[in-house]
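So the structure is just underneath, and the comments pick up after that.
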Amino acid sequence: MVAGADAGAGYFDAALHKRETLMGKSGPSALLKNFKVFSIACFACIGGVLYGYNQGMFSGVLAMPAFQSHMGEYDPLDPNADQTKKGWLTAILELGAWLGTLLSGFLAEVLSRKYGVLVACTVFILGVIIQACAISAGPNAILAGRFITGMGVGSLAMIIPIYNSEVAPPEVRGALVATQQLAICFGIMISFWIDYGTNFIGGTELGEQTEAAWLTPICLQIFPAVVLFIGMIFMPFSPRWLIHHGREEEALKVLTSLRGLPPDHELLRLEFLEIKAQSMFEKRSIAEMFPNLREPTAWNIFKLQFVAIKKLFQTRAMFKRVIVATVTMFFQQWTGINAVLYYAPQIFKQLGLSSNTTSLLATGVVGIVMFIATIPSVLWIDRVGRKPVLTIGAIGMATCHIIIAVIVAKNIDSWSEHPAAGWAAVCMVWLFVIHFGYSWGPCAWIIVAEIWPLSTRPYGVSLGASSNWMNNFIVGQVTPDMLQGITYGTYILFGILTYMGAAFIWFFVPETKRLTLEEMDVIFGSEGTAQADFERMDEINNEIGLAQMLRGEGGNGSGKLGGTPPGEKETKIDEHHEGV
């Protein structure tokens, strides 16, 4: 078993070395060499922009007097209004996104990543149209539209990174997937400034401001969604999805086009065989763990994600991973980041910025500083490590919360007499967002993605994402009631929970920087899981000719994949797999 693990790990190292010899190392030069793929990934990241835009846009809309007048009993600015209803206005999008996340894996596997994006765009556009009809349909149209839009956002947030990772060559995969996080931050940033601009339509006071002030930022998001929908029609299918569904000749053509290499090029053959090996590995893992679900029917694929997640809770070692993934995402949301993103204008007003225009301007700065703060983490996280970044970030955010609570407690009834105190609290909010941007924003997702064995990674990541969205929904729902009911206690609660998050990371979460899968097994007490995975991969690598290719044994220059055409040996392998 251990020998199989060593051999499997050796194949990964050998493949990396051979690829670097043929292609060169990762970095900006690799992005330039793969400019076509880079362009496709950047285009697909419009989905990330839509996600971020939705996170930030509604906070400004909630603060607009015209929207206040329109929403009636859902009046988001009336201090005497039902704050729970105000919470539903915001949080219902996260509830829809949670449902969309659960369904996205099924859509992406049955329909393909490409068509899954098209379906998600359609749902998103439908939700925007329903919200645009709120003038005549009333407040319930906003609620229904945001729920449906959330379903589209949740699906896009899951499918786009999968698509980008599968069209990208290994040399630039990390950079292209990280681009999604930057796209989200970019969407948040532009949404704040669009809100700031449209707030002036007709005027900034109640009775002057027109409905266009809040309808414009809501409707604007339909245009990038339409662009993404139309553009994805012309984008290639994921080569990995094509191979996984037996369309290997088509996958080879797509890879040839994406890489700009001839079909018999050694680098292209290497990548094709690596994808083929991973596909066969997943099929055989499913056949072993869930023999009744190995046939890839739509119903089996739908059931598989739920059955597989249930299996994660059935052993102590895997349950440790479940705790790390779900609790990390719990603390990410209870840092209060989305309370700031959703209710920033109201928070800034509570901190003494009486003018709605000024509070929106301060909110715009939030988007800029978070976008800038995210960049260093993308560049340096693999060198610094996860634990120190997450711990320092959490301590920084929690300290900002406590300082804000002290300032609010001392000045809540006298902001006009102490404007400097109000601006000090605003600066603490900006500093809080900076700490989140370089730490818990990208790093929480990194940990959730890398702690799982190969055979359970898709389901583990899905479970972590589900925890993220559900806690996101809860935070969005309860924040208005907390801001009204316990005022500065809101910041104390977020601060205490964030300190607890720092302690959780430091004492209970292992450092995962540069760890192999076998080392992950040792840390989580599941020795043998990665070894078994590698042994299975070792068998597959030998079966399809990848091992021989890495050793330089035949097939080179023949124009064949691993010494055989895609339709011959691979067909026999699939037939063999059906009997597993």
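Each residue, glycine too, has its Cβ placed from N, Cα and C.
TrEMBL labels come from automatic prediction, so no person has curated them.
These numbers come from a predicted model, not from an experiment.
Here is what TrEMBL records for this protein:
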- 35-53: transmembrane segment (TRANSMEM)
- 40-513: domain 'Major facilitator superfamily (MFS) profile' (DOMAIN)
- 87-108: transmembrane segment (TRANSMEM)
- 115-137: transmembrane segment (TRANSMEM)
- 143-163: transmembrane segment (TRANSMEM)
- 175-194: transmembrane segment (TRANSMEM)
- 214-237: transmembrane segment (TRANSMEM)
- 322-344: transmembrane segment (TRANSMEM)
- 359-381: transmembrane segment (TRANSMEM)
- 388-409: transmembrane segment (TRANSMEM)
- 421-447: transmembrane segment (TRANSMEM)
- 488-509: transmembrane segment (TRANSMEM)
- 554-580: region 'Disordered' (REGION)
- 554-565: compositional bias 'Gly residues' (COMPBIAS)
- 567-580: compositional bias 'Basic and acidic residues' (COMPBIAS)
Chain residues outside the transmembrane segment (359-381) and at least six past its termini with a C-beta under 8 angstroms from it: 56, 59-60, 63, 175, 178, 181-182, 185-186, 188-193, 195-196, 199, 340-341, 344-346, 348-349, 353, 389, 426, 429-430, 433-439, 441-443, 446
Among the ranges 35-53, 115-137, 175-194, 214-237, the one whose Cβ pairs under 8 Å to the transmembrane segment (421-447) are most numerous: 175-194
Proximity verdict for the transmembrane segment (115-137) and the transmembrane segment (488-509), three or more C-beta pairs under 8 Å: no
Cβ contacts under 8 Å made by the transmembrane segment (488-509) with residues that lie 6+ beyond its boundaries: 323-324, 327-328, 331-332, 334-336, 339, 386-387, 390-391, 394-395, 397-402, 404-406, 408-409, 412, 440, 447, 479, 482
Tertiary contacts of the transmembrane segment (322-344) (same chain, 6+ residues out, Cβ under 8 Å): 55-56, 58-59, 62, 90, 188, 192, 312-313, 359, 362-363, 366, 394, 397, 401, 429, 432-433, 436, 440-441, 444, 447-448, 451, 460-461, 463-465, 467-468, 471-472, 474-476, 479-480, 483, 490-491, 494, 497-498, 500-501, 504-505, 508-509
Close approaches to the transmembrane segment (87-108) from elsewhere in its chain (Cβ under 8 angstroms; 6 or more beyond its ends): 54, 58-59, 62, 71, 74, 76, 115-116, 119-120, 123, 127, 142-143, 146-155, 157-159, 162-163, 241, 298, 301-302, 305, 342-343, 458, 462, 465-466, 469-470, 472-481
Positions whose Cβ lies under 8 angstroms from the transmembrane segment (175-194), at least six residues beyond its ends: 26, 31, 37-38, 41-42, 45-57, 59-60, 157, 160-161, 164-165, 168, 216-217, 220, 341, 344, 360, 363-364, 366-368, 370-371, 374-375, 378, 437, 441-442, 445
For the transmembrane segment (35-53), sequence-distant contacts whose Cβ falls under 8 Å of one of its Cβ atoms, 6 or more beyond its ends: 117, 120, 124, 152-153, 156-157, 159-160, 163-164, 167-169, 172, 176, 179-191, 221, 224-225, 227-228, 231-232, 235-236, 258-260
Segment confidence, the domain 'Major facilitator superfamily (MFS) profile' (40-513), expressed as mean pLDDT: 86
